[in-house]
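Here is the structure we will look at, set down as structure tokens.
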Amino acid sequence: MYHVVAATINPAKIKAISQAFSDIFGAGSCHIEGVEVDSGVAAQPISNTETRTGARQRVMNARRVRPEADFWVAIEAGIEEDTAFAWMVVENQKLRGESRSASFTLPAIVMKGIHQGRELGDEMARLTGIDNIKHKGGAIGAFTAGHLTRSSVYHQALILALCPFHNDIYQRKADDEDSDLI
């Protein structure tokens, strides 16, 4: 059984990680442990680069906390201009996989709160009246009437971030002979 350390204690993120690992490696193949670690970036990252850096740094910090694990996984949500998205980073001892989630445009009223220094989850809780929305369906759930959730959107991106760990094409070197592929 794989020991997977999730660099989060957020239930929506842990659910997505658990589902993605079960889908790729089989049900019951992984034990997910959530740990609270710092991203090293702002609480609300406001660029693609800052968000990706935050995910990478969470994985690095999770590795320090649980060096004995088989996998370390981080999800960092961010905003660039008026677009929300998240970066997924998955590592084991040899490989790293990364993927960016689907993105969506935030309305001006939400961006006003972001520009005033609030995190997206806090601003959405304020506007919707849903307590702790970021641990539930998130802004995604609110805007899609529950058709999508943070977990469902993150799940898809995590499946993509896991590609290097189960697809042998990722293990091939660029200069390998590929004539047998024709």
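Quick reminder: no glycine exception, Cβ is built from N, Cα and C everywhere.
Keep in mind the model is a prediction, meaning the values are calculated, not measured.
What Swiss-Prot records for this protein:
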- ASP38, GLU68: Mg(2+) binding site (BINDING)
- GLU68, ALA69: substrate binding site (BINDING)
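Annotation note: ASP38 (Mg(2+) binding site) sits in a coil segment as assigned by DSSP. Local packing around the binding-site residues ASP38, GLU68 was summarised as the count of other Cβ atoms within 10 Å of each Cβ; on this measure the leading residue is ASP38. Other Cβ atoms within 10 Å of the Cβ of ALA69 (substrate binding site), summed over all protein chains shown, number 21. For ALA69 (substrate binding site) paired with ASP38 (Mg(2+) binding site), the C-alpha to C-alpha distance reads 18 Å.
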